[in-house]
Amino acid sequence: MEDGTLFAGAGFGAPAVQAGEVVFNTGMTGYQEVVTDPSYYGQIVVMTYPLIGNYGVTAADGESRQPWIRGLVVKELCDRPSHWQAVGSLSDYLAGCGVPILAGLDTRALTRHLRSHGTMRGVIATLPEGAEPGPAQVAAWVETARAFRLEGAVRSVATAAPYRIPGPGPRVVAVDFGAKENILRELTARGCDVTVVPATASAEEVLSLRPEGVVLTNGPGAPTDVPEAVEMVRGLLSQGDLPIFGICLGHQIAALALGATTYKLPYGHRGANHPVKELATGRIHITSQNHGYAVAAESLPPEVEVTHVSLHDGTVEGLAHRRLPLFTVQYHPEACPGPRENRYLFDRFLALVDRSAVSTRTA
């Protein structure tokens, strides 16, 4: 770790010296979705559940074309998976993609270290069997960790060119900041005619597609790293009647466009079991989350209301504009992994699209 703390275990996957931001995920399942989630770009992920890999990897469970993590840390790695859809082991899959795995260490102690000291940078390094690192080697790893910078994250994972997924329903533009596949599947399952555009798209380029609604997707890194996206959302908001739905990083970018600020959390929210309270109804939702930043509630303008809060730390988990057709959530309604109860938010978005279309026709 960048503070000099050393955790030793057995190396699997690809041999490497790999630096990244070390974070932890509290999910019991869904490791394939985690490693292929573009929001984890540049991160070394510690799984707190003690046994990982027991159902292998499947052809259907990936959330993108490849793993995006810099490394995986587990207590116990199962190398003989059992599942009727498995096409291989997690270890072989990550090894083929150049991702190292560190297993056999005390992940509880590592997680408590991160909770106490905050998210920090670290290095996964493999040595020949039986070799022990000397002080000079450890010092070199510490310097490698401290030198790591997460730069150009969104650009690295987002689409470089627009593409369309035809459908019979309303025209929806999804701005890709690192979208998980299931966001697009949820939209197309509801009949949407989806056009996915790069994160660098301007408001003019988005509007030229004549969208009836816009989805701002999830993605990696800090929202302040994509100022061009903030300007794009401001341009969309200036239309006054275009429905917008922000998810995770998209939620944060929308908040910046509305004049709010964001800040980095001590150790983030990552897992499939985070309770969130919907303030209007008092209902509690169990949500899938993966974010290291949050919107500062005190920075929100009067026309924006907080709709959801985390029951863990009270941070903002949802926003809505009092006048414009915009709402956002910090968590992942598409799940994958995690509970599916929050998919109703896609229906809420499409209801907003329908109401906006009716208003336009009758204006």
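Every residue gets a Cβ built from N, Cα and C, even glycine.
What Swiss-Prot lists as active site, nucleophile is C248, and the listing cites sequence analysis. Of all Cβ atoms in the protein chains displayed, 31 besides its own lie within 10 Å of the Cβ of C248 (active site, nucleophile).
DSSP assigns H332 (active site) to a strand segment in the three-state reduction. Counting only same-chain residues six or more apart in sequence, the Cβ atoms lying under 8 angstroms from the Cβ of H332 (active site) belong to K180, N218, I247, C248, T287, S288, Q289, N290, G338, N342. The feature active site is assigned by Swiss-Prot to H332 (among others), with sequence analysis given as support.
According to Swiss-Prot, the active site annotation covers E334 (among others), on the basis of sequence analysis. Of all the Cβ atoms in the protein chains shown, 26 others lie within 10 Å of the Cβ of E334 (active site).
Here Swiss-Prot flags S39, G219, G221, L249, Q252, N290, G292, Y293 as L-glutamine binding site. DSSP gives L249 (L-glutamine binding site) a helix state.
According to Swiss-Prot, the domain 'Glutamine amidotransferase type-1' annotation covers 171-359, on the basis of sequence analysis.
Summarising the annotation, Swiss-Prot assigns region 'CPSase' to 1-171. Restricting the average to the region 'CPSase' (1-171) gives a pLDDT of 94.
A sphere of 10 angstroms centred on the C-beta of Y293 (L-glutamine binding site) encloses 20 other C-beta atoms. In the three-state DSSP classification, Y293 (L-glutamine binding site) falls within a strand. Note: the L-glutamine site is recorded as S39, G219, G221, L249, Q252, N290, G292, Y293; in the same chain, N218, P220, A222, P223, C248, H291 also have Cβ atoms within 8 Å of that site's Cβ centroid. Summary for the binding-site residues G219, G221, G292: the Cβ-based neighbour count within 10 Å is maximal at G219. Rounded to a whole number, the C-alpha distance linking S39 (L-glutamine binding site) with E334 (active site) is 14 angstrom. DSSP assigns S39 (L-glutamine binding site) to a helix in the three-state reduction. Each residue contributes its Cα atom, and for G219 (L-glutamine binding site) and E334 (active site) these two points are 14 Å apart.
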